[in-house]
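For C:His104, C:His106, C:Glu111, C:His151, the entry in TrEMBL reads Mn(2+) binding site. Marked as oxalate binding site by TrEMBL: C:His106, C:Glu111. The disulfide bond feature in TrEMBL is assigned to C:Cys29-C:Cys44. The feature domain 'Cupin type-1' is assigned by TrEMBL to C:56-203. Under the heading signal peptide, TrEMBL lists C:1-23.
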There are 6 protein chains.
Amino acid sequence: MANAMLLITVLLSFLILPFSAVALTQDFCVANLSRSDTPAGYPCKALVSADDFYYNGLADAGNTNNIFKATFTPATVSQFPGVNGLGISAARVDIGVGGVVPLHTHPAATELIFVTQGTIVAAFISSDSNTVYTKTLYKGDIMVFPQGLFHYQYNIGASPAVLLVAFSGPNPGLQITVLALFANNLPSNIVQKVSFLDDAQVQKYKSMFNGTA
Amino acid sequence: MANAMLLITVLLSFLILPFSAVALTQDFCVANLSRSDTPAGYPCKALVSADDFYYNGLADAGNTNNIFKATFTPATVSQFPGVNGLGISAARVDIGVGGVVPLHTHPAATELIFVTQGTIVAAFISSDSNTVYTKTLYKGDIMVFPQGLFHYQYNIGASPAVLLVAFSGPNPGLQITVLALFANNLPSNIVQKVSFLDDAQVQKYKSMFNGTA
Amino acid sequence: MANAMLLITVLLSFLILPFSAVALTQDFCVANLSRSDTPAGYPCKALVSADDFYYNGLADAGNTNNIFKATFTPATVSQFPGVNGLGISAARVDIGVGGVVPLHTHPAATELIFVTQGTIVAAFISSDSNTVYTKTLYKGDIMVFPQGLFHYQYNIGASPAVLLVAFSGPNPGLQITVLALFANNLPSNIVQKVSFLDDAQVQKYKSMFNGTA
Amino acid sequence: MANAMLLITVLLSFLILPFSAVALTQDFCVANLSRSDTPAGYPCKALVSADDFYYNGLADAGNTNNIFKATFTPATVSQFPGVNGLGISAARVDIGVGGVVPLHTHPAATELIFVTQGTIVAAFISSDSNTVYTKTLYKGDIMVFPQGLFHYQYNIGASPAVLLVAFSGPNPGLQITVLALFANNLPSNIVQKVSFLDDAQVQKYKSMFNGTA
Amino acid sequence: MANAMLLITVLLSFLILPFSAVALTQDFCVANLSRSDTPAGYPCKALVSADDFYYNGLADAGNTNNIFKATFTPATVSQFPGVNGLGISAARVDIGVGGVVPLHTHPAATELIFVTQGTIVAAFISSDSNTVYTKTLYKGDIMVFPQGLFHYQYNIGASPAVLLVAFSGPNPGLQITVLALFANNLPSNIVQKVSFLDDAQVQKYKSMFNGTA
Amino acid sequence: MANAMLLITVLLSFLILPFSAVALTQDFCVANLSRSDTPAGYPCKALVSADDFYYNGLADAGNTNNIFKATFTPATVSQFPGVNGLGISAARVDIGVGGVVPLHTHPAATELIFVTQGTIVAAFISSDSNTVYTKTLYKGDIMVFPQGLFHYQYNIGASPAVLLVAFSGPNPGLQITVLALFANNLPSNIVQKVSFLDDAQVQKYKSMFNGTA
């Protein structure tokens with residue numbers, strides 16, 4: 001009994017003193033989204049629970065009733081603050097029959113996809129030689145799209161396709177060429193100048209993507 | 001016609017001279033696995049095709065007929081050299097009914113899982129306070145396990161579970177506690193010393209995991 | 001005299017033994033371009049001279065007699081191996097009267113320009129909201145274009161414009177949208193699918209930029 | 001005299017204008033521990049003195065009167081805020097006669113030890129093949145333990161051993177296997193499931209390390 | 001008409017729902033200089049305009065009427081907050097006839113210079129062998145000075161020289177040897193001790209650079 | 001018995017198939033010093049043993065019979081290839097009575113010292129304001145010197161001082177001001193120009209440090 005007490009005393013002193021005194025505060029850094037971002041990510045939230053490392057927003061199919069017949073559902077730091085500072089994030093892409101994720105880049109991350117449903121064509125284009133690296137992907141296949149390079153995916157099957165997506169950073173960015181050029185107030189004559197498009201094509205695009213000017 | 005010829009000439013000179021002259025050689029760096037690794041990854045392969053960025057080795061379920069009733073099938077740089085230098089890689093985990101991915105760490109990457117089949121419990125343990133962050137995950141859920149921290153997953157459902165896994169690096173490492181301690185020639189008395197295990201338990205483990213000494 | 005001899009002896013022993021023994025081999029790592037690249041850059045060249053850290057290929061105006069009336073002259077690692085591993089590189093852009101550097105990205109670096117001649121408009125487009133950040137720049141002005149985002153520059157003056165360019169990496173990449181889509185063998189129907197362009201426009205582009213298929 | 005005044009004037013203008021105008025604010029970034037951490041470390045303290053870069057908490061031997069007969073005394077960012085952002089920190093380990101630093105990892109740093117007193121055995125275990133790299137170390141020896149890998153040290157001498165420790169980051173973390181599994185409220189049946197331990201062993205551990213549940 | 005309405009509806013739903021919902025907040029991170037710096041740079045400013053990415057403070061020649069006949073005009077994060085987090089910054093150096101930028105280092109960045117006017121000698125010194133890498137540079141030449149190494153530049157022409165400078169980081173630091181040793185309160189006897197200078201020389205320096213003690 | 005055989009079979013299949021199949025090749029990357037360095041460090045050695053992670057070259061005092069009465073004994077990647085790629089290295093500094101480690105920088109690492117013997121003064125100088133941060137250090141004290149900044153240490157005690165040194169990188173570099181300026185062939189008139197030293201002082205230094213020209 002005295003022994004047990006002694007053990008408890010020793011243990012308490014041990015647990016409190018030698019190793020527990022190590023206030024190692026950054027096993028992780030769940031984003032406090034209400035604070036200003038920094039170049040390395042958001043400041044860390046003070047109180048954290050298991051729910052911060054979990055997200056269920058990718059469970060259901062996104063709505064593909066839009067011009068692309070496709071939807072990108074992100075689980076990046078804004079939706080899933082647990083990935084802050086951890087060099088990774090996720091997304092789900094649903095591509096309806098005939099749908100397409102048009103030419104785009106992620107300025108801040110490499111993309112890796114898992115095809116979990118359907119059949120797609122996916123490709124990226126190198127910057128050094130404009131070479132197109134293209135593959136037909138079936139359920140179970142994976143493919144990687146190097147950071148910052150143009151890429152696209154489209155459904156070639158008779159049923160919806162689903163991609164689970166991982167990014168090599170918590171905030172990959174998504175820059176879709178036609179939206180960058182047309183879904184804003186960039187004047188038509190400048191669009192023409194920097195893209196070599198005909199005026200009629202620009203007007204059509206502006207109308208398609210709700211652009212002004 | 002002369003105009004067209006002129007245009008072609010100008011274009012050729014343009015395409016060859018001003019921008020095409022930019023020999024920007026590292027849009028990507030597919031691993032040449034026959035060369036020595038470096039701290040940043042493998043030297044780049046010279047000739048590359050779309051197949052280098054694609055992998056189909058995760059399409060099928062792994063064999064779970066083993067002591068863990070679970071299998072880890074990697075798509076890291078050794079199997080999928082296209083991810084070299086890109087800060088990402090993948091894997092598939094199959095967990096049979098009653099199976100478990102026992103306590104382990106990835107020394108060199110954060111892990112993010114997509115549950116695509118089944119129901120599991122997953123958890124990681126913080127280093128600062130030994131807090132267990134645990135969640136029950138259903139099909140469609142995702143969870144993140146911060147780099148280097150102990151974690152585990154086990155199947156609590158009545159059917160096999162499948163996890164698609166992304167890592168925040170091309171070569172995450174996998175250190176399973178019971179294999180690190182017992183599936184090698186570490187002498188039993190040293191195992192006891194550094195783990196506080198009883199001799200009988202160590203012998204049992206050594207036998208379970210095929211260890212020697 | 002004995003003193004002087006002693007001093008020399010001490011110095012020699014000092015110079016050879018204590019500090020000179022420090023074989024610190026990486027003040028810099030000039031690229032050996034004949035060896036395979038790695039994810040962190042080229043292996044280091046063994047014999048190095050001051051010429052490796054110097055480049056005069058940006059001294060003269062580039063030829064702007066092309067469809068863009070503009071030329072990009074790089075001093076990245078391929079031309080200027082001294083920048084290997086140093087997180088920086090350079091270029092010169094000449095934009096003739098009426099010329100344009102069309103919509104493009106650098107997948108692997110931020111760009112900073114110094115306008116040393118002429119008057120231009122320069123802009124980049126954010127990925128989060130497709131916002132256009134645009135400025136008219138005069139001689140002496142500088143502007144920064146964040147990594148991976150679409151940007152463009154065009155001459156609005158009555159004389160040629162010259163930009164000196166610095167990149168935040170030794171191998172920034174250059175991906176020009178119209179060349180990525182049209183100066184290769186990407187089939188026209190796929191271009192249409194991923195860009196929403198009309199067939200006529202695609203054919204015109206293919207012809208302009210020497211594309212096939 | 002006029003000359004001296006002129007010199008002073010010139011110097012003042014010089015010191016104030018050309019070079020002193022360079023408000024280069026980050027030679028260092030001493031942690032402001034009262035602010036939220038970020039993924040790159042703590043925000044910088046405004047007023048700094050030489051004391052911020054100095055620490056005397058490792059001068060004295062720690063108390064080894066505990067179950068491990070060993071103590072880890074950290075000088076990481078929490079105790080020594082001057083190392084914030086500088087990629088390094090320190091610690092002292094005292095190991096009594098017969099003592100052990102049991103199997104553990106540092107999730108966020110490589111460890112390098114200087115043996116300044118005593119004789120120990122130190123080892124780490126690779127993740128790829130569960131190979132044990134083990135050395136007997138004497139006073140004056142150094143050894144490195146790669147980031148994230150299991151390692152341990154124990155005293156084999158007749159007198160206390162002292163290790164001075166450097167880490168490759170300001171906040172290395174410390175995850176001791178037996179504390180991660182037993183010094184918390186992780187239910188015994190789950191411990192058994194993920195560690196393959198017998199129930200009796202788990203109960204004994206729980207009692208040793210003050211665990212609940 | 002109904003069609004057009006439908007299109008607009010679809011587009012709005014598209015623009016709002018699938019892709020616009022991506023709150024990707026870090027295409028860039030303009031420094032909020034009123035907030036504390038962090039090891040990775042300043043927290044991001046909330047409201048940003050094109051002006052944040054532009055700077056005109058390098059357009060005019062600096063005043064070289066000082067002891068060095070040279071001036072360094074920075075466009076680093078303090079003056080040009082748009083470069084925060086982007087791995088690059090700029091400066092302008094004016095060197096009058098006979099002027100010199102004396103021996104100095106940038107602790108936190110590699111430097112790349114464009115000579116836009118005049119003729120200079122520039123050199124850096126390696127740390128491993130004290131080798132001097134020296135070049136005479138003419139208008140149009142560029143040179144790179146690896147991070148942290150001693151370097152200097154001086155005008156050898158008959159007219160002022162101008163250098164446009166890029167740094168591989170937003171906050172390179174500038175440590176000028178003679179100012180570090182003499183333009184402060186470092187006691188003369190300590191200066192002598194750590195520099196091996198004669199007392200008379202130290203006094204002269206102290207006076208030249210306005211040092212005390 | 002059949003059971004045991006089954007277990008062995010299962011185990012072998014398990015050990016060989018599911019987890020052991022993970023060829024994770026970079027727990028560490030011991031330098032192959034006979035190969036060219038890269039910007040991230042040396043290529044990895046193929047065959048590795050515990051000896052690669054151990055070094056005993058810092059056990060004995062260095063020879064301080066030189067002009068500085070001090071010696072720097074490195075355990076950086078050239079001497080201790082196990083630290084390659086691991087973000088850390090070590091050294092030992094012996095400072096005799098009256099000795100000094102003169103003004104110097106490490107271009108590529110922060111330095112952290114443990115004073116294990118003697119009493120010293122140590123200081124570093126900030127680049128932004130030339131502020132001297134100075135401390136008297138006793139046995140057991142530690143101090144950190146931020147990357148790239150000028151610093152020095154000198155013995156103020158009556159007995160030799162010993163510093164154990166850790167660096168935040170495997171190859172920190174060491175640039176000693178007086179050796180960089182004088183222990184080479186830099187012509188005296190240029191030394192004067194870039195350092196503002198008197199000719200007599202330069203000649204004296206050249207002679208002291210064995211310089212030519």
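Even glycines carry a Cβ here, placed using N, Cα and C.
For the disulfide-bonded residues C:Cys29, C:Cys44, the ranking by surrounding Cβ atoms (within 10 Å, all protein chains) places C:Cys29 first. Note on C:His151 (Mn(2+) binding site): other Cβ atoms within 10 Å of its Cβ, all shown chains, come to 23. Of the chain residues outside the Mn(2+) site list C:His104, C:His106, C:Glu111, C:His151, C:Thr105, C:Phe124, C:Phe145, C:Leu149, C:Phe150, C:Pro172, C:Leu174 have their Cβ within 8 Å of the site's Cβ mean position. For the domain 'Cupin type-1' (C:56-203), residue counts in helix, strand and coil come to 22 helix, 56 strand, 70 coil, using DSSP. Applying an under-8 Å Cβ distance to chain F, the recorded positions C:Cys29, C:Cys44, C:His104, C:His106 reduce to C:Cys29, C:Cys44.
A simple Cβ count within 10 Å picks out one of the binding-site residues C:His104, C:His106 as the most packed, and that one is C:His106. When pLDDT values are averaged over the domain 'Cupin type-1' (C:56-203), the model yields 96. Neighbours of C:Glu111 (Mn(2+) binding site), defined as other CB atoms within 10 A of its CB across all chains, total 28. You'll find the Cα of C:Glu111 (Mn(2+) binding site) roughly 25 Å from the Cα of C:Cys44 (disulfide bond). Separation of the C-alpha atoms of C:Cys44 (disulfide bond) and C:His106 (Mn(2+) binding site): 25 Å, rounded to the nearest whole number. C:His104 (Mn(2+) binding site) and C:Cys29 (disulfide bond) have their C-alpha atoms 30 Å apart, to the nearest angstrom. Comparing C:His151 (Mn(2+) binding site) with C:Cys29 (disulfide bond), their Cα atoms are 31 Å apart once rounded. Rounded to a whole number, the distance between the Cα atoms of C:Cys29 (disulfide bond) and C:His106 (Mn(2+) binding site) is 23 Å.
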